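Accompanying notes for the structure given below.
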């Protein structure tokens, strides 16, 4: 018998899970998402990606500012859900919310717990040079991503993979895992494993202040920094263009041959020296412009070495 579910999520990452649960035949009685925000040139209020998908599916959407009032808890409990599915909702669930569904609340988290608990696991896994990443279905408790784990999906990481690439790979994988978890829950077969006490790390929210590239670091670290922050907020540097230092986001790069003073342009194909080795820019973006492949950028803005990149 299909489950009565409450779905709680906000960004694009959560949409495949909502869509797949609905396609699996579960009765999604309500969707909780964050409030609409001004967006675009006209700064019109734009519902979240999850709210838009819920409206397309004909599911009621709730966007409370808080879940910590008795009224919010009563409204949540009134749905008499078997379970709540939480994917990047963006709000901490208080104990009355966690306790309301018959079988509890289940979170899809984008890391291999207990590594990278917290807000930015995808970015931090790439920035740290982890060999693999993944998603886990866990039963939520009051702690920060400390619940018992039910199912795990893994993806090998490569030097070429950006945070955007990993996001797009984990979202559908996570959707499949959550559908399987709900199927096992429905059959009374879902089992859990406690997280190890060793290996706990925290994925702090990305701060724009950490986005500037430090060319004194080894090339591999610079590459991971760039790819871990791509596309948002975007690792940046200043290129000397027509006598001015112009801020440019670097979205994709590769390791390159060569060496020199860190931050020196080594050739006419955007190879830049790092503290050890070099990287070559493959994709970049100027402020207010669309992302460009490096070869297209160089057609309009040829740069000749040696130049100092800040």
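Placement of Cβ uses the backbone N, Cα and C atoms for every residue, glycine included.
Swiss-Prot lists 111, 112, 113, 114 with the feature (6S)-5,6,7,8-tetrahydrofolate binding site.
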Looking at the binding-site residues 112, 113, the one with the fewest other Cβ atoms inside 10 Å is 112
Residues sitting within 8 A of the centre of the 111, 112, 113, 114 CB atoms ((6S)-5,6,7,8-tetrahydrofolate site), not counting those, run 109, 115, 116, 117, 121, 134, 136, 145, 195
Reduced DSSP state (H/G/I helix, E/B strand, rest coil) at residue 113 ((6S)-5,6,7,8-tetrahydrofolate binding site) is coil
By a 10 Å Cβ neighbour count, the lowest-scoring of the binding-site residues 111, 114 is 114
